[in-house]
Amino acid sequence: MNKQIALVGNPNSGKTSTFNVLTGSNQSVGNWPGVTVERKSGLLKQNKNICIQDLPGIYSLSSYSPEEVVARDYLYTNDASGIINIIDASNLERNLYLTLQLMEFGLPMILGLNMMDIVKKSGQKLNIEKLSYALGLPAVAMSALKKQGMKELTKACEKMIANPQIGNTVTYDDRLEAALNEIATIIEGKVSKQHLRFVTIKLFERDELVNTRLTLTPAEQKEIAEIIEITENIFDDTAEAIVINERYEAISRITALCLVKHTSFELSFSDKIDRVVTNRFLALPIFAFVMWAVYYLSIQTVGTMGTDWINEVLFGQWVPDLTTKILESWQVAPWMQGLIVDGIIAGVGAVLGFLPQLLVLFFCLAILEDCGYMARIAFVMDRMLRRFGLSGKSFIPILVSTGCGVPGVMATRTIESEKDRRLTIMVTTFMPCSAKLPIIGLVAGAFFPHHSWVAPSAYFVSIISIILSAISLKKTKLFSGEATPFIMELPPYHFPQMKNVFLQMMQRGHSFVKKAGTIIFATSVLIWFTMNFNFRLQMVAANQSILASFGHLLAPLFIPLGWGNWQGAVASMTGLIAKENVINTFGILYKNASEVSETGKEFWQAMHLDFTAVSAYAFLTFNLLCAPCFAAIGAIHREMASVKWTWLAILYQCGFAYVISMMIYQFGHLFFEGGSLNVWTCLSLMAAAYFVYLLIFKSTYQNKLNLAKEMVVHKG
């Protein structure tokens, strides 16, 4: 049986990077909290008998956040043979707080002193031998980013398993130790000797989770409560504050022994940059410019070069021509040729044509993530989101959703407030994930070829929609309440590691291609069949097919949105399976129109018969904001743990997408296409007025909540 070693550390301490190096795992490396919501495991590369458990990044072992509870429960209830504590050596004092708590578990432990290269650059001197002596634990100097010290850390793991070593017991003030000893005497025999000190301190702190797990008699509970109360009176402080102060006193003694600081009042390189990029007035314009640049590179310029070649040459000429010649030489039936060339190749090819744009986008986002800028975006957006009732923690799932909505929904587990968590789940899939990027590229390329604002505008439409949803939903009884506080660390800027950047780009690109080879392949066959056969299974023209029948049934619903044609209705319907199916469907439906020159450009031109520029943008908006793909809906159901809440989320997303798309088309048609006022325009004006009303007036439920709080305060 494999020996289990827990990998524990603060967020941004390099814990996940260390895990990737030790295990060869391809797990994502990020700069924001919540990357590792669930613990991940992997076998040590040099010793397959040792399993490394990557626990969530935490600052302490309190029970204030889900991450802390997950980590603490694993260490308390599982058979971990030891701990690797990854410490950011450039922030030693803060990281040692968690170290002291981990030592209370009585498990063998190794200190992985990460970022030692930064310590040297800052002019500090850390005596590793003295730190190791003070704590009674082996310590390894390392740099996960540069893969330095990894062999030594691996050897230390093997040595810890072969010869377990428990650290020194860090003692506190004699008066506190006396109280802890009395509590330990009471609970002795009810917990393992190994965890006795940890449980004792947690009971002293009045930790509810630990207290509920112990079978204490009322007399024992009363005795412990009296000990705590007496100690609080002696220190003139709360029990939790007493322990915190004593831990920091111990940390001060340890760092005084082993750390020599270089005092400087100069701003660091990261501080100088942050003065600009997190500035109250400059932060959002800079963020807008960065996202414009990312989408300009991926959609309008660099990515488009590859997309044009794939659409016009690879899947426009080479693959169809070669396949047709082969099938004709084999004397394959005409209907089968149509299925392969006009169905599978046209459908899958239309989706894969956007792969270069996706890869450029993934490359740019990975650079922003790896250099540390993404963490600043979360910090900047926290200011704005809190004004509209969302916690800054909500932005982490929203940011994750730019890659895929499924992990974005799962990342909401880090939000403590149940109302905030459900609200975030309902809006996080508004963000343009990788599957929606081909839709953005299609509309931008076909209808706005010379306008660089279209692609990045999709990003900002999504953010504005999240804000509008937060405003409206927070003013209902289901979601009213104050946003939970958000604390995060801003890691120092550094040059991105190209290996990490390319690894992330290839991972996401592989996922996209894999989906094209499975789900998109299957739906291409289904779409071609339903487009060429009627209900009697006779081959007919596309406008008399099974697909057209469903499309004509749904099309009237989308007339107010400007695209009341059966092709658009069908594409949106198949997009629920996977958003790439929107492009796949159009690729098959408009295949006949593109046979003039067999290029993707003809496919784009054919769409002008059914869409105007404004209606195409409304179509884009609807498919950005409506219910996500089946996989994301499944994730929503798992996280909501309720069929009712899942359907509520789906209906809200579809309804909200419908209203916003209707407003965009009606106003755009009126002002830019010479349209006239009608019933739908009036309804759009009413919807716009409603959103303005929500911005101005406060929630009735929130006012009642605030009034109740004031009454409680006055009674107190």
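The backbone N, Cα and C atoms fix where each Cβ goes, glycine too.
Please treat TrEMBL annotations as automatic predictions, because they have not gone through curation.
Per TrEMBL, the feature GTP binding site maps to 9-16, 34-38, 54-57, 114-117. The Cβ neighbour count for Lys15 (GTP binding site), using a 10 Å radius over every protein chain in view, is 28.
Annotation source TrEMBL lists Mg(2+) binding site at Asn20, Thr23, Gly24. Counting only same-chain residues six or more apart in sequence, the Cβ atoms lying under 8 angstroms from the Cβ of Thr23 (Mg(2+) binding site) belong to Gly42, Leu43, Leu44, Lys45, Ile52.
Residues belonging to the domain 'FeoB-type G' (2-163) score a mean pLDDT of 84 in the model. The domain 'FeoB-type G' annotation in TrEMBL covers 2-163.
The transmembrane segment annotation in TrEMBL covers 281-299 (among others).
Per TrEMBL, the feature transmembrane segment maps to 344-368 (among others).
Per TrEMBL, transmembrane segment is recorded for 423-447 (among others).
TrEMBL lists 453-473 (among others) with the feature transmembrane segment. Packing against the transmembrane segment (453-473) from elsewhere in the chain are residues 288, 291-292, 294-296, 298-300, 384-385, 388-390, 398, 423, 426-428, 430-432, 436, 440-441, 443-444, 479, 617, 620-621, 624-625, 652, 656, 660, 691, 694-695: each is 6 or more residues past its ends and has a CB under 8 Å from a CB in it.
Annotation comment: TrEMBL describes 512-531 (among others) as transmembrane segment.
TrEMBL lists 614-633 (among others) with the feature transmembrane segment.
Residues or ranges marked as transmembrane segment in TrEMBL: 645-665 (among others).
The feature transmembrane segment is assigned by TrEMBL to 677-697 (among others).
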>> Contact between the transmembrane segment (645-665) and the transmembrane segment (344-368) is defined here as three or more C-beta pairs under 8 Å separated by at least 6 residues; is that satisfied?
In response: no
> Helix, strand or coil at Met115 (GTP binding site), per DSSP?
Replying inline: coil
> In this structure, which of the binding-site residues Gly9, Gly24, Pro56 has the fewest other Cβ atoms within 10 Å of its Cβ?
Replying inline: Gly24
> Per the definition of 3+ C-beta pairs under 8 A with sequence separation of 6 or more, do the transmembrane segment (614-633) and the transmembrane segment (281-299) touch?
Replying inline: no
> So which of the binding-site residues is most packed in, judged by how many other Cβ atoms lie within 10 Å of its Cβ, out of Asn12, Asn20?
Replying inline: Asn12
> If you count Cβ atoms within 10 Å of the Cβ of Met115 (GTP binding site), leaving out that atom itself, what do you get?
Replying inline: 27
> Residues sitting near the transmembrane segment (512-531): Cβ under 8 Å, six or more positions beyond its termini, same chain?
Replying inline: 338-339, 342-344, 346-348, 351-352, 355, 358, 434-435, 542, 545-548, 550, 574, 577-578, 580-581, 584-585, 588-589
